[in-house]
Amino acid sequence: MSANGAPPPADDARERICELCRLFYDKGWASGTGGGMSIKQGDTIYMAPSGVQKERIQPGEIFELDSQGAVVTGPSHLKLSQCAPLFMAAYTLRGAGAVLHSHSLNAMLATVLDESASEFRITCLEMIKGIKGHGYHDHLVVPIIENTAHECDLADDLTAAIKAYPKAAAVLVRRHGVYVWGDSWVQAKTQAECLDYLFEAAVRMKQLGIDWTKPPLVLGSDVAVMGGKKRKLENGEAAAAGVGVGVEQQVVSDRGMGG
């Protein structure tokens, strides 16, 4: 909203979409004409066209839709984004202020960490706090739907996933990418960036043999921290002393080897 309470001019939304498409292209999220971006202002929805070089989109090439998804105005030489039905699902079911579609490699890889999984789950990473309604110790859950030959055919499954996961701010598409929304373009962008970080973190943690779905176990002198709660070690100081004795004995043993 502007200072006087009125919605920002339409040109602002069009220019913002162009700016974000360039940014997402630079991130590798919208290469090869892939990806999409949409912003809602009042009852008007603005949407990038389909099948164009996203880093070169101009404000005059942005489509304008009404709140029901019907095209009001748009360039005659371009096609409306194939993501339109999926964007509309987020607007209708989540009251979103902006929705984006990313072809991020990290998002795609996150869907094949376990190809039998219907969810992506991760916990105890700082960037989880960037997702609305989540904290560091929470399990962030993003539903995964299966890809289809045509983008528009994803609409029913994406709609079902949005309904089934009321806390989710995104839906992953297997071997494809991710849809992310927010109350505003700022929140949608922020959440997309945080999610991309988390997807990449999971991929790298798997390479390191670390389970990204479980809280870490951190040992201190007298407590173990797990899931945000401190637990006493079973034998307290005796357990700690036992560890020290074991190490000392091993050192003595090692010194006695080899001659």
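Here the Cβ of each residue, glycine as well, is placed from N, Cα and C on the backbone.
The secondary structure of Glu126 (active site, proton donor/acceptor), as reduced to three states from DSSP, is helical. Within the same chain, residues at least six positions away from Glu126 (active site, proton donor/acceptor) with a Cβ under 8 Å of its Cβ are Tyr136. Annotated active site, proton donor/acceptor per TrEMBL: Glu126, in sequence order.
Neighbours of Cys83 (substrate binding site), defined as other CB atoms within 10 A of its CB across all chains, total 24. Residues annotated as substrate binding site in TrEMBL: Cys83.
Listed in sequence order, Gly35, Gly36, Met37, Cys83, Leu86, Phe87, Gly177, Val178, Tyr179, Val180 are the same-chain residues six or more apart from His101 (Zn(2+) binding site) with CB atoms under 8 A from its CB. Per TrEMBL, Zn(2+) binding site is recorded for His101, His103, His176.
The domain 'Class II aldolase/adducin N-terminal' annotation in TrEMBL covers 15-203. The average pLDDT computed for the domain 'Class II aldolase/adducin N-terminal' (15-203) is 98.
Cβ neighbours within 10 Å of His176 (Zn(2+) binding site), excluding its own Cβ and spanning all shown chains: 21.
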